[in-house]
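J.: Have a look at this one.
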Amino acid sequence: MKLNIALLAGDGIGPEVIDQAVKVSDAIAKKFNHEINWRPALTGAAAIDAVGEPYPDETHEICASSDAVLFGAIGHPRFDNDPSAKVRPEQGLLKMRKKLGLFANVRPTFTFPSLLDKSPLKRERIEGTDLVFLRELTGGIYFGEKGRRDEGETAFDNCVYTRDEVKRLAVKGFELAMTRGKKLCCVDKANVLETSRLWRETVQAMEKDYPEVEVSYEFVDAVAMRLVQWPNSYDVLITENLFGDILTDEASVISGSMGLMPSASLGSEIGLFEPIHGSYPQATGLNIANPMATVLSAAMMFENFGLQEEGKAIRDAVNSALDKGMVTEDLADGGKAYGTSEVGDWLADNI
Ligand code: IPM
Ligand code: MN
């Protein structure tokens with residue numbers, strides 16, 4: 001297969017982890033006879049520095065004319081403590097999601113056999129965890145009208161959803177559940193929020209089209225608790241943008257490190273594949289960041305092209321690296337820690 005992949009390394013550790021995903025993908029291409037044309041483009045603080053904009057038009061053109069986007073991380077501390085900043089790196093990611101029509105963010109949480117004791121949660125609680133969040137990504141409070149009034153003394157962020165937005169996400173949730181454990185949990189706050197009542201009503205009306213799927217409705221606060229108590233009771237969870245953002249960070253610690261979990265953002269022809277972690281500014285340039293989440297995001301990218309074997313080859317290499325203790329400092333636990341690039345080299349050599 002001939003693949004054009006837009007490569008958006010972004011900020012902080014983004015370029016370092018992206019380099020490893022490129023090495024591993026190139027090894028896959030060699031082994032399985034594919035041709036990958038990497039198309040680098042600017043985004044985030046790096047793009048603000050270069051052209052004053054976190055998602056420049058040229059970057060969008062490169063993404064929109066590629067088969068997929070592989071993304072590193074976005075964000076820089078110099079913007080975090082400056083509430084008055086007009087342009088922020090994160091706006092680049094939001095704009096990209098919206099312009100590429102990526103309304104469904106697939107965020108799996110699973111455990112690795114050799115890391116069961118690395119999780120802050122007890123082994124017996126997390127063993128067997130294999131759940132997927134489908135987070136709505138282009139609506140809700142992230143994209144509603146926001147502003148100030150009363151001479152700046154009052155601030156507001158509107159949360160808006162249409163039935164169609166809920167439905168298209170829920171369709172993906174039901175379809176995914178059909179390929180897995182046939183359980184779907186709709187996470188909302190329908191006891192308080194009108195948007196949540198629209199979510200619940202929409203999903204309830206769809207249940208009859210998927211009679212095999214067992215549907216449950218749970219409030220987001222309760223899910224936050226149950227996720228760490230009985231994570232292995234969940235299969236597919238669908239939820240709105242902000243709840244999904246928060247719960248997927250929480251869920252990521254189940255696996256043992258935030259540096260392990262990949263994601264895919266889907267909804268149009270072009271998928272976006274990125275680790276769920278951020279730009280980890282303190283680690284920038286130190287060659288200590290865990291590249292596994294980005295490498296596994298590349299696996300999701302191959303699988304999304306229907307290249308299951310290629311995805312599996314990456315997952316197998318990651319599993320054997322973890323089994324052999326070929327890990328970065330976040331997982332070393334006093335043992336030997338390898339550098340980001342050493343882990344990437346090892347994975348590429350073992351494809
Ligand atoms: C994520 C991130 C983003 C989000 C930020 C960087 C805008 O936290 O992908 O989860 O909130 O969606
Ligand atoms: Mn987040």
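Placement of Cβ uses the backbone N, Cα and C atoms for every residue, glycine included.
According to TrEMBL, the protein has these features:
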BINDING   Arg97, Arg107, Arg135, Asp221  substrate binding site
BINDING   Asp221, Asp245, Asp249  Mg(2+) binding site
DOMAIN    4-347  domain 'Isopropylmalate dehydrogenase-like'
SITE      Tyr142  site 'Important for catalysis'
SITE      Lys189  site 'Important for catalysis'
J.: Around Arg107 (substrate binding site), how many other CB atoms lie within 10 A of its CB?
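T.: Step by step: centre on the Cβ of Arg107 (substrate binding site), count other Cβ atoms within 10 Å, giving 23.
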J.: Using CB under 6 Å from any atom of ligand 1, narrow the recorded positions Arg97, Arg135, Tyr142, Asp245, Asp249 to the ones that qualify.
T.: Asp245
J.: For the domain 'Isopropylmalate dehydrogenase-like' (4-347), what is the mean per-residue pLDDT, to the nearest integer?
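T.: Mean pLDDT for the domain 'Isopropylmalate dehydrogenase-like' (4-347): 96.
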J.: In whole Å, how far does the CA atom of Arg135 (substrate binding site) lie from that of Asp245 (Mg(2+) binding site)?
T.: 7
J.: Measuring Cα to Cα, how many Å separate Asp249 (Mg(2+) binding site) from Lys189 (site 'Important for catalysis')?
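T.: It is 19 Å, counting Cα to Cα.
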J.: Which three-state DSSP class does Arg135 (substrate binding site) fall into?
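T.: Assignment for Arg135 (substrate binding site) reads strand.
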J.: How many other Cβ atoms are found within 10 Å of the Cβ atom of Arg97 (substrate binding site), counting all protein chains shown?
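T.: Neighbour count, Cβ to Cβ under the 10 Å cut-off: 21.
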J.: Name the residues of the same chain, 6+ apart in sequence, whose Cβ is under 8 Å from the Cβ of Asp221 (substrate binding site)?
T.: Lys189
J.: So, in DSSP terms, is Asp221 (substrate binding site) helix, strand, or coil?
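T.: Note: Asp221 (substrate binding site) is helical by DSSP.
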J.: Which recorded positions out of Arg97, Arg135, Tyr142, Asp221, Asp245 lie by ligand 2, going by a Cβ under 6 Å?
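T.: From Arg97, Arg135, Tyr142, Asp221, Asp245, counting a Cβ under 6 Å from ligand 2 as near, the near ones are Asp245.
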J.: Per DSSP, to which secondary structure element type does Asp249 (Mg(2+) binding site) belong, with helix, strand and coil as the options?
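T.: Going by the DSSP assignment, Asp249 (Mg(2+) binding site) falls within a helical segment, counted as helix.
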J.: Could you check the recorded positions Arg135, Lys189 and say which one's CB has the fewest neighbouring CB atoms inside 10 Å?
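T.: Lowest Cβ count within 10 Å among the recorded positions (Arg135, Lys189) is Lys189.
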J.: Taking only the Cα atoms, work out how far Arg107 (substrate binding site) lies from Tyr142 (site 'Important for catalysis'), in Å, as a whole number.
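T.: For Arg107 (substrate binding site) versus Tyr142 (site 'Important for catalysis'), the Cα atoms are 18 Å apart.
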J.: Can you name the residues of this chain that are 6 or more positions from Asp245 (Mg(2+) binding site) yet have a C-beta less than 8 Å from its C-beta?
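T.: Within the chain, Asp245 (Mg(2+) binding site) has Cβ neighbours under 8 Å at Arg135.
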J.: Between Tyr142 (site 'Important for catalysis') and Arg97 (substrate binding site), what is the CA-CA distance rounded to a whole number of Å?
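T.: Approximately 11 Å lies between the Cα of Tyr142 (site 'Important for catalysis') and that of Arg97 (substrate binding site).
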